[in-house]
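Copied over from TrEMBL, here are the features:
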| type | residues | note |
| --- | --- | --- |
| BINDING | CYS49, CYS150, CYS184 | [4Fe-4S] cluster 1 binding site |
| BINDING | HIS221, CYS224, CYS244, CYS250 | [4Fe-4S] cluster 2 binding site |
| BINDING | CYS259, CYS278, CYS281 | [3Fe-4S] cluster binding site |
| DOMAIN | 49-198 | domain 'NADH:ubiquinone oxidoreductase-like 20kDa subunit' |
| DOMAIN | 216-293 | domain 'Cytochrome-c3 hydrogenase C-terminal' |
| REGION | 287-320 | region 'Disordered' |
Amino acid sequence: MAHPDSFQNFCHIRRGRPDGSDGLARYSEGDLFSPAPKPALVWFEANACSGDSISLLNSVAPGLSQILCSLVAVKYWNALMPDQGTRAREMLFQTAEAGDFILAVEGAIATAGQGRYVIPFQNDGSVFTSEELLHYLAPKSRFIMAVGTCAAFGGPAAARPNPSGSKGVWELIQDRPVINVPGCPVNPDWFIGTLYHLVRFGLPEVDRYQRPTLFYGQTIHSLCQRRSYFDHHCFAAAPGDAECMYSLGCMGPVAGADCPNRLWNDHLNWPVKASTPCIGCTKSGFPDRSSPFDVPLPEKLPRRGGRADASGPKKPPEEA
């Protein structure tokens, strides 16, 4: 059996092998096909754009198919499962009643209008809202994952004026630990690494926003390749300039994530490398507290007390 300390060390190894794989892939390669029983996975989509599911389809080393076939037993995932209609609902309810499954939620939970802004399906002639489905599944699950920023904190689905009353999962489930894996969309490694940790080792170490510190424990700013420009007060005047984009609205100093090292799109690129300021999509309050995206950070977050080398102070500058 693998040890959690070694797993954390492998997760922090920077990508760079010719085949695009990294520590997570090498670590899990032999362990994924363990004969140990596989826990059931129930994934349901609420108020979302399916972007997190699509992002996960782009995962490599290990690929999503390898994870879904070897680490967990997928019982319900409306975007990927072949069954639909009655058969899919029956599988969902059977898995729920058996209990001890991993629940992954994609998208915010609509609460306005009796939750009827999001209706995953009807059952016995009655509508089943996403809020009802969450409260039905959560108490029966072993672990709860909020995948993507909408599920974690409300995200774009809860942006002003939020007519659907959308909320993050952890606002509605307060008697159970909810592991938030934000991102708009989520990086495949963040989900796969967290899922692997839950299956093999249990709950990971988390920060004050219930995000795994493995992936969200440092700020974008502290890992950014342009950090030296910031330290020498060299700031970009326009997108495309090589200097630090703090002056262009970059949220890196207050956004916790390892994007500069982990990269995206088969480990090819990330926003700042593409001369686009970080918009802070892993943060609580995104996108409202990141807007306007092109306004410098002090004008968006007027409170003082932030730090740039960790996920922020105990009370981050954008929150009371």
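The backbone N, Cα and C atoms fix where each Cβ goes, glycine too.
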### Message
Checking your reading of the structure: which of the binding-site residues CYS49, CYS150, CYS184, CYS259, CYS281 lie inside a 10 Å Cα sphere centred on CYS250 ([4Fe-4S] cluster 2 binding site)?
### Response
none
### Query
What's the CA-CA gap between CYS278 ([3Fe-4S] cluster binding site) and CYS150 ([4Fe-4S] cluster 1 binding site) in angstrom, rounded?
18
### [3Fe-4S] cluster site shell beyond CYS259, CYS278, CYS281, criterion: Cβ within 8 Å of Cβ centroid
GLY183, ILE220, MET251, GLY252, ALA255, ALA257, TRP270, PRO271, ILE279, GLY280, THR282
### Message
In the three-state scheme derived from DSSP, which category covers CYS244 ([4Fe-4S] cluster 2 binding site)?
### Response
strand
### Task
Just name the most isolated of the binding-site residues CYS244, CYS278, going by other Cβ atoms within 10 Å of its Cβ.
CYS244
### Nonlocal residues around CYS49 ([4Fe-4S] cluster 1 binding site), in sequence order (Cβ under 8 Å, 6 or more apart)
GLY107, PRO156
### Message
An 8 Å radius from the center of the CYS49, CYS150, CYS184 Cβ atoms defines the neighbourhood of the [4Fe-4S] cluster 1 site; name the other residues of that chain inside it, in order.
### Response
ALA48, GLY51, ASP52, GLY107, GLY148, THR149, GLY155, PRO156, ALA157, PRO185
### Query
Between the binding-site residues HIS221, CYS224, CYS244, CYS259, which lies closest to CYS184 ([4Fe-4S] cluster 1 binding site), Cα to Cα?
CYS259
### Message
Return only the integer: C-alpha distance in Å from CYS259 ([3Fe-4S] cluster binding site) to HIS221 ([4Fe-4S] cluster 2 binding site).
### Response
10
### Task
Output, ordered by sequence, the same-chain residues six or more apart from CYS224 ([4Fe-4S] cluster 2 binding site) with a CB under 8 Å from its CB, or 'none'.
PHE230, CYS244, GLY252, PRO260, VAL272
